[in-house]
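Features of the protein shown, as given by Swiss-Prot:
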BINDING   Gly80, 83-84, Thr88, 90-93, 108-116, Ser120  5-phospho-alpha-D-ribose 1-diphosphate binding site
BINDING   Gly80, Asn111  anthranilate 1 binding site
BINDING   Ser92, Glu226  Mg(2+) 1 binding site
BINDING   Arg166  anthranilate 2 binding site
BINDING   Asp225, Glu226  Mg(2+) 2 binding site
Amino acid sequence: MPIRDQIIQIVRGHDLSEDQAAEAMEEIMTGMATPAQVAALLTALHLKGETDAEIAGMARVMRAKAIPVHFDAPLLDTCGTGGDGAGTFNISTTAAFIAAGAGAIVAKHGNRAMSSVCGSADVLEGLGVNIELDAASVARCLDQAGIGFMFAQKFHPAMRFVGPVRREIGIRTVFNILGPLSNPAHARHQVLGVADPALAEKMARALHLLGTQHALVIHGHGGLDELTLSGPNLVIDVRAGHTPRRYEVTAADLGLAPAPREALRGGDVSVNVAIVRGILSGEDQSARRDVALLNAAAALVAADRAADLRDGLHQARHSLESGAALARLERLITVSRGGEG
């Protein structure tokens, strides 16, 4: 079905099948669709509301068009959809180093700031990591540092057909939620944060359709795309071969002190670099450390390295206190810049 017919179908209020969504995405990612058609499809989907099948179909094509990173071991990604406008520091990036220090191999996929001041690419670059790596160099980082970073705009060249349209129409589209589903290393273990609670179930079902091994879809209290300390957090546990399981968890459930959202606030790149280093070095013992531990615990559960969040929290603490998390950062800086791990 040509993309023009799919636009008409969506405008009439009908959902696309997973295969139809993949066909539309194929036209977009190969440059066959005109900018007007891309804008119309994205806007119509946004107004109708994307289904899990539509999200999964488009994600399959985006994965297929990405430059692949080959690595023969189970990989974990920690990322979110963004868009929460909370101005927190780089929680999932900090948690990634803590999880790596506890033995998970982390293939982090991210970009520069979109809705925030400092994205994962920005803070990693500020920390001294070379973010402009090719696939072979990322695989080397995974092997020698236990963590690697894939700069989204470098690994998704087909996005050149979409970028100008997204900027011109100026609304959030399905592409804002496809990024976390399109890891170039095909990480099958994942923590995926969503700012919109209505999106959590859709993303969980999409991950299930995409054949994820183990993922935690999380929505933080107060509308964050991270687990927070301020109230009940939604978690949807998605495992291959199992029905997704939904539950809530608070900081107090795990013995962590509650803290308001304001306690997690970050700033520009220099501020967030100092925060991340402070946590990993053990100097920062504030609520920022606790929220990083909580999200690292979730990452370790998703990586199948922890039995539950309490066990994950215990391992995350050891990663920080032993210096293993900081060592992963230092090693990534060295290896990404061409040194030996």
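The backbone N, Cα and C atoms fix where each Cβ goes, and this holds for glycine too.
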Thr88 (5-phospho-alpha-D-ribose 1-diphosphate binding site) and the residue listed as 'anthranilate 2 binding site', Cα-Cα, nearest whole angstrom: 25
Structural state of Asp225 (Mg(2+) 2 binding site), classified by DSSP into three states: coil
Cα-Cα distance linking Thr88 (5-phospho-alpha-D-ribose 1-diphosphate binding site) and Asp225 (Mg(2+) 2 binding site), given in Å to the nearest integer: 10
Between Asn111 (anthranilate 1 binding site) and Ser92 (5-phospho-alpha-D-ribose 1-diphosphate binding site), the C-alpha gap once rounded to whole angstrom: 13
Binding-site residues: Thr88, Ser92, Asn111 - member with fewest neighbouring CB atoms within 10 Å: Asn111
Sequence-distant neighbours of His109 (5-phospho-alpha-D-ribose 1-diphosphate binding site) in its chain (C-beta under 8 A, six or more apart): Asp77, Cys79, Phe149, Met150, Ala152, Phe155, Gly179, Pro180, Ser182, Asn183, Pro184, Ala185, Ala187
Distance from Glu226 (Mg(2+) 1 binding site) back to Arg112 (5-phospho-alpha-D-ribose 1-diphosphate binding site), taken between C-alpha atoms, in Å: 18
Mapped DSSP class for Ser92 (5-phospho-alpha-D-ribose 1-diphosphate binding site), helix or strand or coil: helix
Length of the line joining the Cα atoms of Thr88 (5-phospho-alpha-D-ribose 1-diphosphate binding site) and Glu226 (Mg(2+) 1 binding site), in Å: 10
Rounded inter-Cα distance in Å - Gly80 (5-phospho-alpha-D-ribose 1-diphosphate binding site), Glu226 (Mg(2+) 1 binding site): 8
